[in-house]
Structures are given as structure tokens and as C-alpha cells.
Amino acid sequence: MIRMLVLIVVTAASPVYQRCFQDGAIVKQNPSKEAVTEVCLKDDVSMIKTEARYVKNATGVFSNNVAIRKWLVSDWHDCRPKKIVGGHINVIEVGDDLSLHTESYVCSADCTIGVDKETAQVRLQTDTTNHFEIAGTTVKSGWFKSTTYITLDQTCEHLKVSCAPKSVQFHACFNQHMSCVRFLHRTILPGSIANSICQNIEIIILVTLTLLIFILLSILSKTYICYLLMPIFIPIAYMYGVIYNKSCKKCKLCGLVYHPFTECGTHCVCGARYDTSDRMKLHRASGLCPGYKSLRAARVMCKSKGPASILSIITAVLVLTFVTPINSMVLGESKETFELEELPDDMLEMALRINSYYFTCILNYAVSWGLIIAGLLVGLIFKKYQHRFLNIYAMYCEECNMYHDKSGLKRHGDFTNKCRQCTCGQYEDATGLITHRKTYNCLVQYKAKWMMNFLIIYIFLILIKDSAIVGQATGTDFTTCLETESINWNCTGPFLNLGNCQKQQKKEPYTNIATQLKGLKAISVLDIPIITSIPDDIAGALRYIEEKEDFHVQLTTEYAMLSKYCDYYTQFSDNSGYSQTTWRVYLRSHDFEACILYPNQHFCKCVKNGEKCSSSNWDFANGMKNYYSGKQAKFDKDLNLALTALHHAFRGTSSAYIAAMLSKKSNDDLIAYTNKIKAKFPGNALLKAIIDYIAYMKGLPEMANFKYDEFWDELLYKPNPAKASNLARGKESSYNFKLAISSKSIKTCKNVKDVACLSPRSGAIYSSIIACGEPNGPSVYRKPSGGVFQSSTDRSIYCLLDSHCLEEFEAISQEELDAVKKSKCWEIEYPDVRPLQESDGAKSCRMKDSGNCNVATNRWPVMQCENDKFYYSELQKDYDKTQDIGHYCLSPGCTTIRYPINPKHISNCNWQVSRSSIAKIDVHNVEDIEQYKKAITQKLQTSLSLFKYAKTKNLPHIRPIYKYITMKETETAEGIESAYIESEVPALAGTSVGFKINSKEGKHLLDVIAYVKSASYSSVYAKLYSTGPTSGINTKHDELCTGPCPANINHQVGWLTFARERTSSWGCEEFGCLAVSDGCVFGSCQDIIKEELSVYRKETEEVTNVELCLTFSDKTYCTNLNPVTPIITDLFEVQFKTVETYSLPRIVAVQNHEIKIGQINDLGVYSKGCGNVQKVNGTVYGNGVPRFDYLCHLASRKEVIVRKCFDNDYQACKFLQSPASYRLEEDSGTVTIIDYKKILGTIKMKAILGDVKYKTFADSVDITAEGSCAGCINCFQNIHCELTLHTTIEASCPIKSSCTVFHDRILVTPNEHKYALKIVCTEKPGNTLTIKVCNTRIEASMALVDAKPIIELAPVDQTAYIREKDERCKTWMCRVRDEGLQVILEPFKNLFGSYIGIFYTFIISIIALLVIIYVLLPICFKLRDTLRKHDDAYKREMKIR
């Protein structure tokens, strides 16, 4: 017993086991029929889990779903976090239904972002707990306090640094490639040694490669394989043998080559061996020596280490000359429309007018071309048969071979009274001295006369055509009908005069129709609302018209409808048309009783099949005259069928007129009306048959007892509203609307009343206004569509759209106000008043977005809640401690109820959540050199701002290679007028070319530098969705004890459903359930993803942008060009000569500020691969087949375990590629992808220099000069100098300095005094820098910065120093030349200091002495001996003679 008690005590003392974590606080509970599964997740600041605790009551079993959170970063609230899209703190939030989703937050505490350029570290500083994230080429994140540093180690860093609410994106490059440094940092070497090794890596590689080749050759020399090198050494040995035999002095003792420092050898060059020098000399002098053996020497070289070492050096140099360094290789290289709603209103109106004139233009076009073709045909016929045409005016006389005018012509046999007198005016005398010959001029006057008549007729036809086109429509008699008291037959729809009908009227909205009718004075301004309310479709318009209970109102609406569809009744002229479909279908779908008995009668065939309609009148008059006798019911049915068909054919006023005739039993008037319709449309056979049938039925005796259908009574007009005051209030109006006003800019309304007025034209009730204020002088305004709201500050005041009184009441026009004053009006209670209730407001909410917005005319801090309502909130950072993460107070301390703001009032929002701003590098161009000095000497090494001297800002980092170019244009006595130069530059970012501009005589005049500052193509991408790995699964499930699973399982948007039947069994059922192999477990699920990757789709076509700059010594200017449009200015003429076309991928992914391309799913596509789970607007979408299991508990509900919901193939995203040449610029909601490493083509440039009067330049010039320089040594920006030169004449001056100057020659003019130079110094020049301009020596003051930055910041689309260096120096030997040899000599320079010159002189002297002794002296001695031999030979020859 004691043991049992001890066991119970121990068991009770042990803590209760809890899954996931112990303790924690409940953040939300949700009793529901559906249970959630147990989920345990971790975010950046906490852990959260969900549990389902079942509760049973009288109505069933319910689940108390609970969410519990435990903080891991307990003080994260100190950084004042706020929600923002793309934030770097991931927090799991709990929804009202306990569904979990991931949200992004950032801290609101202040944070300073900087970059230490001397240590290549990002510096972050804050006063409290804060969080940072670095994304891009370096990815790091974490929490910190005070100050932290993040070291950069990539050669070129493309980064987005985020700390608190600030984000900055920039591009930074080191002054050397960092792959070597990163590799050595992983070893035991100290950082300084690693940096030194990498700085000298080129010479180290050269020496190492030389040693490796030497070792290889030394090993090969031990074997016969070394003789493979003989083809290399044989030419060398042969050349040496030639030089040996012919050019070297011989030793007097042995006969070999002179060897002052060694003894005579025993081996001859031919291979023979002698013991003494005398025998060797005898062998050489007697001619027995065959000479130098090149093959033997080559074999010796193959085995010797000396030639091997020389060969290794040469081979290493050759290899490194043609091999590109790995560090400098670049990996991965290898339209405007407008929517209709975007157009302004005047353009839309213009489009409508164009449509209205379209038919007229087509008609005019057809008639004009017809006239043209007719004129051409007449011209061709006239040309071919012109004599027949001209025969009208003149005749040809064969007797006298002349043409005679027919006017006054008289014949005398074969002769006429005008013989010997031609139409051309020439006479022929009887003597035959003047003989006439028929020529072209004889009939020219008649041709002209005929052409004149033809042109007159042609112009007359054109005038008739144009006059017919511009002819206006006739007037309308609609106004006459409005003046009648009651309806007449000629005031019904078919008989209204609509004037000229144009088909484009159908495209006009009823608003335009109302405007047209008001312009014709046909309606009042108070009638416009009833016309604009007509539905656009014909069926709806006819129903709307028939609903009108007053003749004048119905006539007005019908006339408006017929004005729009002006061919509605003209379609009745024949047997088809869109307006006849309804009544013809109605007839064919209903049968006449008589036709059932007599189907072959002509009338019945006409009604059913459209046959025999012309003989239908005598048919039923003879064949069916006895059918209706004693059959009143059948008579009534058939006549009602015919009248109903007529009703469907003629709706509106026609049907109302027929209804009035039927109610009055005015059968004669009815038949007269139908006969008028038949007379108006004589070609409509079926309509004629129906009307004749109605007339026939009227003549039968059964007509006296005819009962028409009840619907005709609904078409009768009601009494006039003016005579029935109960339509308004039942008493006289207490408001004096004669004194009504309608003021503008009124936002509040007291005593709001509805107003009804009668139109003076149609009598329609005009109820589009409300009245405010006192009855004696009410203010009337347009009736709001959304009602009025009670003000939140004064309950007696009413506002529009919301309770804040921000919207102005719309004043009515003066025309409407005048009509109201002249009309009879009543006030009635306004029904659409929304009183203020506390339930409409809120003290706190889960924030969706926050920021500052334009609210009406004010700038308010606004918070958008998760229910998409907007509230005024001045804090936006105060948490509601009674709620979970994400709930913010709308007022300080959540004490005041705030009411929502209508979204219409909100505009131009600077959202902090959905549209976070990302800063860029600030580039400041400083115009004055003194200000530039001040800017760079402040040592702002941690600033993200760049300061550039304006006059040299467009120069490259490295001095370009110059080429000579000659000026072109007209040469004069003074020089060249309008001079220019032409050249071509590759469109590659960072390319620079220097031009040494010469005159045509070859005289160097000045230097100009062309620099491609940026060259890229880019596109803008819009975000589609986010994706990421699945971190958990949201689940809701339920179970049934018995029965099948539901056919349709309720689920939320984006959730997948699952179900399994026959889940109830013994030991696996809830309490009270007794079932075996029955029941169901079902539910829905959704993945919880961690957003790691965002997918974007291309929204714009590729845009190519190139910025080309020209820099002189006194000015600089740039131009932006594209492949389409050439640039022509006073300074530049630039265009693309060749264009390379590239394209960016359609869909890209962005992860950690890095672009990834590959197989990525589009929005709404869920195929296997990256992006088949998509989060859009806070909802996760995907597809798949959920997999789940359940655990059974005795007398309890099952524990559902969902193992998989969506098919998430996020692992495929890890195989996406990251192009090295792409750069990324993030903006609010979009990104811009830029490729800047492609050659976009070739730019043809024409630089206009103006008038260069170089022939007047002086050779010597007096210059008053001073200079000022600022910059740094061995840095990115180098030294910038401003020279102030004063001279009275123009001159071309060379520039000389101890440092490297970018411009070697400048033009000096009297009008320009400020000149700028960029200078590169490798050594500190002292307090002044000596610059020589022409013959003037300038001691420019120096302001040097001691900082040694190793990293350079640059805008995203511009190149850095390391990039230009790689482009300039692409081989290892180039690196050795620029850096290696200098590095070798650097230790000696540091050792000897200022005496380095003496040391270099000593070394050079020793080398020169050795060359003299071993090279020059033997050659000189050989030359001396040769000259002596020639002299001895000369003396011997002279003795012989």
C-alpha cells in the first residue's frame, strides 16, 4: 500500500508530457465542427503548434482548436517590427480559423548602413535590437545590437543590404580578383600574406610554370625522349655555328674562339680531341677541321640544363601570353500599346464620331472611285474614237482635204459653203500657192471644247455627290405627339418620323442619344435619367418601355430606343430582319385551333411554313367561315393568338394603343389601325396575313362576346401623377423649390430629403436629386448611388461614401436647377440612410498594409486591415497586446473606435508593406574642384554616396589606348570650318578609345577620349507568385460515425480535399458510435510554404540603352542612343552601324537578390518542376493527391495525420542557373533585369568640333596659369586637376607631367579658362604636382587622401575598375608586364629609398661591363683581325706587282 502511494505521488509530481515544446501561451482558440491536426513549426522568432481538444455537448462533438506560441527571440518586439512584403523576418501567423501562413516583417528601429571601403566590410549600426539581411552574391542574416560588420570576399559583389526598414542595392568590386584571396583564407596563411601572394600571383605563376617546365625538361634529358627537342635546337645550333665560324676572334694558341677567362680546351668544335693546344691549332689552321657540328651541338643542348632553362622561360612566356586568366573570364556569356480604358474621354468621343462617319466615308470613297473610273473609261474611248466625238462639232471634207465647222454649214453637192477654209483658220488660194495640209491643230479647239464640257459635267457630278453626302436629316414630329393629351395611332412607334437613319447610331450609348434629343429640344433635361436607364439590349429595352405606365413617358423612351435602333421598323418592309424574330417564332411555336382541323389551308401554311401567304385572305374567308360558329372559346383563343403575335411585333405604344382599343371595344378603330400598319409594310406577307385574319375575325358574330387576354390590361396607361398626389406624400410640399440652390464644394447635409419632380415635357417623375437644409431655401444635389452615412462626429450631419464627410455632394447643372424651379416637386423621406453603429468600427485589426495616403485633399496615415478596409491610424506601430502577432492598434492604446474610409477617397499611397522602397547609390557630380576636395577629404569611407568631379566624370578608370585620326570638312586659309571626326566604337560597357586629332598636314592638335559609360539591354518583370519548400500543412478534418463520405466536401479556396470511407471499427470509434466497417474521415488541407523564391514574368520588350561620352580637356558631354533612332545634335551624330539582338528569358526567379533561369512554371501552371506550389495574394495554390493516415483511440475521435498535401517539387529550383552577366534592380512590385556584358553592336560616331583655326595657332604662347588637384594614389578615382589658364591667343599645347596624364595635348583659347585633367600617379608627388602646359610650368596644389580603398562602389549599370582592367589586360603576360616586373623591383625600392637611382645605375653598369667583355670585345677583336688580314693581303699583292 505504501509503495502504491509512493508510486502515485511520483507519477503526479512528474511533468505532463507535451509535444513540440513545453509551456507557451495560447494565442487563439476556435471552437469548430472541423478539427485541425497537430502541427509544430518554427519561424525566425518563435515556435508555434496547433492542437485539437474535443468537447462533447448535447448537439454533438466539437473540436476546440488551439494555437500555442513560444518565443525564441524574446526581445524581438524591441525593434518595433512591422509587416512588409519581402521582409527578412519570417513569422508564422495564425488565421481566425487557425490556419497558419507565413508573413514577412522588418524592424522599425533606425539602422545606419555603410560600407568601409578600406576593409571591404558592410557596416551596420543601431541603438537597439535589430535584424539585418544581405542578399545577392553574399548571403548572410542575423540579429545584432549596437554595431556589426559583414566582410565581403567576392571579386564583384552585387548586393541588397537590408537593415530595419532600409534597403540599399549596389554594385561593389575589389581592385583585384578575390578568388585567390578566398582560397588562401581557408589555409593557415595570415591574411596579409595571402593578399600579398595574390597581388603578385602573375609573377608567381610565371616563375612556377617556368620551374615546372624546367623540371620536366631535366627529367626528359635523362632519357632518349629528350631528342624530340632536336628540331628546336638544330636551327639554334646551326646559327651559332655560322656566327662561331665567321664572326668570332680565334685564340692564337688553340685556334678556337677567343676565351680570355678560361684555358684552352682539348675538344674541337668538330668533335676531335687533341692533347695539346699546338695540335689543336694545327688541326684548325690546316683546314682539316670540317667546322662547327650543329647536330652534335643540338644533341648536347637536349641534354644540357642551360638550354632547358632558357626553353622553359620562353615556353612559359608564350603560354601565358595567349592564355586568358581564369579570374578575368566571364562565365555565362555566350513594343507600346494602350488599353481602351486608358484613353481619355475626348479620345473615346472622337472614336465614336469616327464610327459615325465611317459609313459616310465608305460611300464617298465608292462614289469617288466610280467617277474616277468612269472618267478614265471616257478618256480611253475618246482617245480611240475621237473623230466620232469631234464629228459633233466639225466635218471632214474629202474634196478640199479640210475640216469645216458644222455651225452655218451648207452643202452644195459634194462641196460646202466653207470649202478652202479649214477650222484651223488657214485658207487655200485658187492659184495653188498656199496649200493646206491636215494637221493636229485643225481640231484642237474642238478637242478643248469637248474636254471643257466633259470637265463641267464631271465637276457637276462631284458637287451633287458631296451635296447628297452632307445633306441633313429631316425634322421629327415627336414633339407634336408629346403635346397630345392621349395616344393616337400616328403617335405610335411604327409611324414616328425618325429622320435620316444611320447604322452607326446603334453603337451610340443612350447617354449620347439623350444628348442628341435634348439638343433637338425634343426632351427636357429632366427626361435624361429615364433615357439613360434604358438597357442596351433590345429585349431589355422593350421590357423597360412597356413597364412605363404613362403615355408621354412611354413615348419618350420608345422614341429614344428607336433613335438608337432607327432601322427597327424598316426591317418590317420585307419578310426578315432582327426585329421580326420574336413574333415570327411565337407564331410558329403556337397553333391556331382552326389550323389543327384545316392544316392544308393557305393561311395555316402561311403561318407555319411561310407558304401561300398571298392567297391566305380568300382561303380562310371561304374554307373556314363556318368553323367558329358556336365555338366561342376557340374563337377567343385564335384571335388572342393573332393579337398576341401583333403585340410581340409592335411593342410599346403600339401595344398600348391596341390595349386601349380592346378595353373600349373599339373594334373598328382597331381594324383601322392594323390596316394602316399593313399599308405601311405591304411587302411583309406574314404580317399582312395576320392583319387580314384579325379583320376577318372581327366580322364574325362571335366578336360581340370576345374576351381578350388579361395581359392587355397591364398595358393600359395609369392616371397622370400630377392628379394623384398620393404618389408623393399625400399633401402639398412644405419645401419651396422655387428658391432652391445647388452649391458646390459642400460635404455635409442636414435634414436630408428625397425629391420627386414631374418633367414638363414627358411628365416623367424625375427622382435624381435630394434636398438638404431648411424648407425655405433648400439645397438640391444629385442623388448619391450609395446612400448617405451618418457622421462619426455629429449625428445630425450626413456624409457621402463614409462617415468622415470627405466627399462633396454633386451639384446639379444650372439647366437642371432651372427645370426643377419650373416643375412641380415634392419632398419625401430619403430611405437610404445608414446610421452610425459601433459594430461598423474597430479598435484594432490584423494589418495588411500601412502607409501615408492622399485622403481627399489631406495626407493621412492609413492602415489597411486584413478585411480590406482602410482606417485612419496615426501610429501603425502599436501592438494590440490582447491579440496575436500582426494585430495593431488603430489609435494610441487601442482606446478609440475608428471607422473605415471609403477606398474611393484613398489615392497616391506610399505603402510600407506592399511597396517597400529600395535605395540606390547616390552619385553627386561636383562642379567645383574645391568642393570636390572637401568632399573626398572628409573621408566618408562608410558612405553610400559617390562624389565625382563633373568635368572628368565621363573618363574611364584606365587611360585608353590612343589612335591617330584626321579632321574632315572644308579647309580654309585659317584652318577647317565645321570640322568633325568619324570613328566606330564597339557598344560594350567600359570600352574607351583615345583620339589624337591631327590636321590634314599631320599636325597633332588635341586629344579626345570616347568612353562607353554604359551599354546594356534590360526588361521589366512583374511578380507572379512566391514559392518555397513546404514547412507544414494546414488541415481541417471531420468524421462521420456511419454513412458514406460527403459528395462535396466544403473547403476554402486553394485547399485540397481528402476522404476515406469505412473508418469506423471496434476500438476505432468515438464515444457513442457503434459501427463496424462504416463511417468516413474527410477534410481539406493546404501546404504552408516558406517563401524563399519569387517568380517574375517579362512585361516589357528588351530595351537597349547605350551611353556614349566624349571628353575634352574643357568640356564633356554624353548622349543616350538606341538601335532604332539615330542621335543628331549640334555636338554629336551617333547611330548604330550594326546591332546585335539578344533576348531575356520570359520567366525568371529571384532568390536572395540573385536571378535564376530555367524551367519555371508560369502562373496557374502546376506541372512537375520548380514553381508548382504558388502563393498569390496570401493564398497558396497547387495540386496533388493528399496522403493521410489516422490513429485510433478508444472511445475518442481519430487523430488524423496528413503526410502530404500538395505536390511540391521545390528541389527542382536548386538546379536553376544563375547567369553571371545579369544584374538586378528591385523596385516596388517589379524588378528590372540588366545584361551589361554583351557587345550590342558597333556605334558609328561623328563628333562635331566646330571651326578649328589651327593655321593661326601660335608656336609660342604666354600663359598665366594656376592649378589645383585632388585625389588619391593607387586608388580607383586617381587624381583630378583643374587648371586655370589665361591667354590672349589660341594654341595647341602639349601636356607634360611626371605622372600619367589622360590628355597629352589640349586646345587653349582666350574664351575658355577652366580645363580639367585626370592624372594617374604611382608615387606621391609631394605637396604640389608639376604640370607643363606649352612652355609654362604649373605647380598645382595637391590634396591627397590617405585612404587606400580596396573596394569600389558603382551604380548597377556601369562598369568598375576591375572590369576595365580585365578588358584591357586579358593575358597573364600582360599582368606580368603591368604588375609582375614592378613587384620584383619593389623590394629594392623599399630598401634603398631615395638612393634607388644609384643602385639601378650600379646594376646596369655591371651588366653593361659583362656585355662589353663577353660580347662586344670578341666581336671587335675579330673585326680588327679581319681588317689586318685584308691589309696584309693588300701588301702582298702590291709586292707581287
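Cβ atoms are placed via backbone N, Cα and C, with glycine included.
Per Swiss-Prot, the annotated N-linked glycosylation site among residues ASN57, ASN245 corresponds to ASN57. The record in Swiss-Prot shows differing topological domain names for GLY291 and THR1125, meaning opposite sides of the membrane. Looking at 201-221, 684-704, the range tied to transmembrane segment in Swiss-Prot is 201-221. In Swiss-Prot, the feature transmembrane segment is placed on 453-473, out of the ranges 453-473, 642-662. Listed ranges 306-326, 1188-1208; the one Swiss-Prot annotates as transmembrane segment is 306-326. Each residue contributes its Cα atom, and for ASN490 (N-linked glycosylation site) and ASN1177 (N-linked glycosylation site) those atoms are 62 Å apart.
Beyond the ends of the transmembrane segment (366-386), by six or more residues, the same chain brings 447, 450, 454, 458, 461-462, 465 to within a C-beta distance below 8 angstroms of the stretch.
Least crowded of the glycosylation sites (ASN490, ASN1177), judged by neighbouring Cβ atoms within 10 Å of its own Cβ: ASN1177. Computed over the topological domain 'Cytoplasmic' (387-452), the whole-number mean pLDDT of the model equals 70. The secondary structure of ASN490 (N-linked glycosylation site), as reduced to three states from DSSP, is helical. Helix first, then strand, then coil: DSSP counts for the topological domain 'Cytoplasmic' (222-305) stand at 44 helix, 4 strand, 36 coil. The DSSP secondary structure for ASN1177 (N-linked glycosylation site) is coil.
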